[in-house]
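A.B. asks: Structure incoming, see below.
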Amino acid sequence: MAFFIASSPHAHNRRSTPDLMKWVAICALPGLLAQTYFFGWGTLIQLVFAIALAVTFEAAVMLLRKRPPVMALRDYSAVVTAWLLSVAIPPHSPWWILVIGMFFAIVIAKHLYGGLGQNPFNPAMVAYVVLLISFPVQMTSWNAPASLTAEATSFVDSFLMIFTGFNNEGLSLQQARLGIDGTTMATPLDAFKTALTAGNTASEALSQPQFSWLAGVGWEWVNLAYLIGGLVLIKQRVIQWHIPVAFLGSLTLFSLMFLMFTPGETASPTIHLLSGATMLGAFFIATDPVSASTTVKGRLVFGALIGGLVFIIRSWGGFPDGVAFAVLLANMCVPLIDYYTKPRTYGH
């Protein structure tokens with residue numbers, strides 16, 4: 001019998017980086033379709049434009065680094081980054097928002113650190129935070145869900161609003177943002193925080209039309225869609241369960257604790273879990289294998305830290321949704337988390 005001598009590793013995982021990225025995109029489809037249904041065609045238009053920008057910036061940087069662009073484009077990591085950023089911004093954000101955002105995501109947050117596998121921060125969240133701090137008006141002008149508008153925004157109007165700033169009737173983005181055409185309004189989390197700041201109780205804040213019996217109108221279905229996609233990712237072993245479970249468990253625990261002691265000032269766990277970018281963050285953003293913790297215990301700590309930070313920022317921060325800030329702050333703690341949670345070497 002002939003024996004073959006080969007060097008380690010002897011066990012191989014057939015899944016490559018492109019395969020994993022494809023699974024992430026496929027499982028994000030339910031959330032994308034839900035967002036498109038409730039918030040209009042602008043979501044799909046932004047996605048296509050973001051992917052085109054991501055591919056362009058990725059190829060340009062690879063050429064500047066004197067490396068073949070095809071190799072970088074084949075892993076689809078730029079496409080996933082574009083996907084995550086495009087669904088995180090308002091559907092009718094002006095086109096230059098994505099240009100700036102994708103530049104920061106691909107060129108600064110990814111390739112400035114050495115490319116895929118070297119970036120300490122999630123590129124999409126770096127871009128989102130830069131945009132949110134620099135252009136708060138454009139980044140907080142969300143459409144009202146389709147069920148709360150008299151007439152849904154057409155594909156042509158969405159396209160024109162993004163690339164010209166005016167819809168087919170000549171209304172500017174600023175006019176739409178002020179509610180003249182009734183197509184834009186604050187997100188449920190923003191409306192809840194504004195109502196509390198104005199002196200209303202939590203129950204009074206939740207009586208606004210942005211909220212249903214479960215959570216924010218439209219947003220609850222978007223989050224449930226991302227939850228379904230996230231569970232498929234876990235079942236397919238594309239991601240592990242530790243970070244999402246710790247994230248959602250920590251957020252639920254904090255909201256329950258404060259709901260018990262300050263019921264008039266705290267949103268219920270369902271509001272926190274099914275509003276904003278909670279499920280998108282738990283399953284598709286925080287689980288980034290490059291910028292997340294690598295040890296089993298570390299992933300639990302990492303996820304719990306994000307969940308706690310999300311609750312703190314939503315409750316007392318200056319922004320209604322804190323997922324992006326929480327993820328970046330947790331990314332900063334990853335080296336420390338991994339150092340103290342690494343398994344002991346046998347015999348030491």
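Quick reminder: no glycine exception, Cβ is built from N, Cα and C everywhere.
Annotations for this protein, taken from Swiss-Prot, read as follows:
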{"type": "TRANSMEM", "residues": "20-39", "note": "transmembrane segment"}
{"type": "TRANSMEM", "residues": "72-91", "note": "transmembrane segment"}
{"type": "TRANSMEM", "residues": "120-140", "note": "transmembrane segment"}
{"type": "MOD_RES", "residues": "Thr187", "note": "FMN phosphoryl threonine"}
{"type": "TRANSMEM", "residues": "214-234", "note": "transmembrane segment"}
{"type": "TRANSMEM", "residues": "241-261", "note": "transmembrane segment"}
{"type": "TRANSMEM", "residues": "266-286", "note": "transmembrane segment"}
{"type": "TRANSMEM", "residues": "300-320", "note": "transmembrane segment"}
{"type": "TRANSMEM", "residues": "321-341", "note": "transmembrane segment"}
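How buried are the listed features, and what sits near them?
C.D. replies: Long-range contacts of the transmembrane segment (120-140) within the same chain, counting only residues at least 6 positions beyond its ends with a Cβ under 8 Å from a Cβ of the stretch, are 81, 84-85, 88-90, 93-94, 97, 100-102, 104-106, 108-110, 113, 177, 186-187, 190, 285, 288, 291, 319-320, 323-325, 327-328, 331-332, 334.
In three-state terms derived from DSSP, Thr187 (FMN phosphoryl threonine) belongs to neither a helical nor a strand segment and is classed as coil.
With a cut-off of 8 Å between Cβ atoms, the residues of this chain six or more beyond the transmembrane segment (214-234) that come close are 23-24, 27-31, 33-35, 38-39, 145-148, 187-189, 240-241, 244, 270-271, 273-276, 278-280, 282-284, 287.
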A.B. asks: How many other Cβ atoms are found within 10 Å of the Cβ atom of Thr187 (FMN phosphoryl threonine), counting all protein chains shown?
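C.D. replies: Taking all protein chains shown, Thr187 (FMN phosphoryl threonine) has 23 Cβ neighbours within 10 Å.
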A.B. asks: So what's near the transmembrane segment (321-341) in sequence-distant terms, Cβ-Cβ under 8 Å and 6+ beyond its ends?
C.D. replies: 88, 120-122, 125-126, 128-129, 132, 187, 189, 275-278, 280-281, 285-286, 291-298, 301-302, 305-307, 309-314
